Each structure stands twice: as structure tokens, then as C-alpha cells.
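Here the structure is laid out as C-alpha cells; the discussion comes afterwards.
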Amino acid sequence: MLLVTVYADYIAPLFDKYTPLPAGELREKIEELAAKISFPLYKLYVVDGSKRSSHSNAYFYGFYKNKRIVLFDTLIEDYKPVESEEEKKEVEEEKKAPEEEKKESEEEKKEPEEGEKEPEKEENEEKKDLLENEEKEANSTETESCEKEKKKKTGCNTEEILAVLAHELGHWKLGHNLKNIVISQVNLFLCFFLFALLLEQKVLFEAFGFYDSQPTLIALVIIFQFVFSPYNELLSFCMTVLSRRFEFQADAFAKSLQKAEKLRTALIKLHKDNLGFPVADWLYSAWHYSHPPLLERIGALEKTD
């Protein structure tokens, strides 16, 4: 618990930039949603996940009445980050630099050297024309790329973001996080309890060629890497089944808030933005996927009660 608090407040900001969500329709509706289900919302952040990838997500963290919601900037459609004063100054300086260079070059051209010959003037004019053509081509390619980016819109609209948050807050309302913490603590206690029992078993060390000694470091490797291997596989499968069940329950919670249709469209958009493949083998996904495949989630949302 201490690690989660320390990581969120002190370690995560070292790698990503967290900025408060600006006031507006989205913020107001998120606060209304939190109040509706009695979620103790303390702060709302946007993280600049777009610098790393196009992956979209939303999550919350914190304990007791100190909860925070974090939205990836890639999740918000047409999101424009709020620039700090330092960033604004840097942008202005970058804009001024080429303008000053142009002015200097124009002044140099206006004041030719004495004795300059006509052929040299013609060469300078040709160079000037070439530079202007290159600038025009560069500007046209930039505008084309900007238009393509606008056409390829990513992220979700306000109602879809609320549906995604309703799913995430469903995990909190249904106690899924607390259950996972309890299971992990019980598993940790059980592992060390069994380790203490097996540490006294001389036959275990003899099976690995240690007849005269029972070193603790070797015991750690033998027990946790070899003896616990079948148990870890079984536990991993059980946790996968439980995680998938939790996801269906969180979807059902969002559905109970009349957000099934918006959650469906949001899941499709997120799957597309995250470059996910919608079709999965049922047996492979049951063993490996902590989240149900997209088509299964959509099918569950479309079912009538």
C-alpha cells in the first residue's frame, strides 16, 4: 500500500507529465458521475501518454478519501494540452528565430557588395527562387500531413469517456481492487509458510545434489523456481479467470448506469487505437487474456436482462 502511494505521487511524475484536467464539460460530468456513485474524487489528471504511444486508458488510484482519476491524453478526442509559461516562451522563440534569419538574409540581399557583377546577381536570384520553391513544397507536405492527422481522429467523446470511467469506477464500487489485495497477501503468506516447511526437508536438497548442506539461497531457487512452478501456473490461471469475471461485472455496472451503448462504441474505438485484434481463440484467451476479448464484451453488453 505504501509503495502504491509513493509510486503515484513521487515516482510516476518523474517519467510522465501529469496536469490537472481543465475546467469544462468533461470535468463537470466526471465529477457528477463520481458524486452519483459516492466515489471520493480528490483530483483529476491528464497524463501525456501520447509521447510514448497511441495507447489509450483511464485508471484511478489512492486510498480512503484521497482518490485520483487519471486520463490518458490519447483517450480524449481533440485534446489540446495546456501549455505552461515556459513552454509558451520556447514556442515564441522558435517562431521568432526563422523570421529573424529571413530579415537578415533580405538585408544582405538589399545591400550588395560594390563591384558585384551581373552573373552573380542572376545566380543569387536563381538560388532565391529555388529556396522559395523548397519552402512551398515543405509547407504543402506539412498541411497534407496535418489534414491526414485530422482525418485519423483518435480518442473518445465525452459520453464515451464517461462510460469508460463508469467501468473503471465499477471495479471500485464492487470491491475488486480490495479483493485482489487480499488474495495477493494470502498468497504471499502461504508461499512463505510453505517455504518454511520445505526448508527443513533434507530429501528436497538431496534430490538436487546437496547431501551435506542445506543453503538458504539454494532453497529459495529450488522451492520458488521448481517446487512452486505447478502452483504458480494454477494460480495464474485462477487469477485470469477471476480478472475476466471482474471485467464482465464492471461492464455490467456501467450498463446499470445506462452507459452500455457508449461503452460499446468506446471499446471499439480503444481497440482500434490500441491496434488490437478483435478475434481470439476461446481456449487461448481463457488461459492468457486477463481481459475478455472485445466480441465477448460487446455480446455481454448487448444481452437483455
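Cβ from N, Cα, C; glycine included.
These numbers come from a predicted model, not from an experiment.
Annotated domain 'Peptidase M48' per TrEMBL: 21-304, in sequence order. Annotation comment: TrEMBL describes 82-150 as region 'Disordered'. According to TrEMBL, the compositional bias 'Basic and acidic residues' annotation covers 82-149. The annotation Zn(2+) binding site is assigned in TrEMBL to His167, His171, Glu247. The active site feature in TrEMBL is assigned to Glu168. As annotated by TrEMBL, transmembrane segment applies to 181-198, 218-242. Under the heading active site, proton donor, TrEMBL lists Asp251.
The Zn(2+) site, placed at the center of the C-beta atoms of His167, His171, Glu247, has further neighbours from the same chain whose C-beta lies within 8 angstroms: Glu168, Gly170, His176, Phe246, Gln249, Ala250, Asp251, Phe253, Ala254. It is Glu168, among the active-site residues Glu168, Asp251, whose Cβ has the fewest other Cβ atoms within 10 Å in the structure shown. Proximity of distant same-chain residues to the transmembrane segment (181-198), defined by a Cβ-Cβ separation under 8 Å and at least 6 residues beyond the stretch ends, is recorded for 1, 204, 219-220, 223-224, 227-228, 235, 239, 242. Listed binding-site residues: His167, His171; maximum Cβ neighbour count within 10 Å falls on His167. In the three-state DSSP scheme, His167 (Zn(2+) binding site) falls into the helix class.
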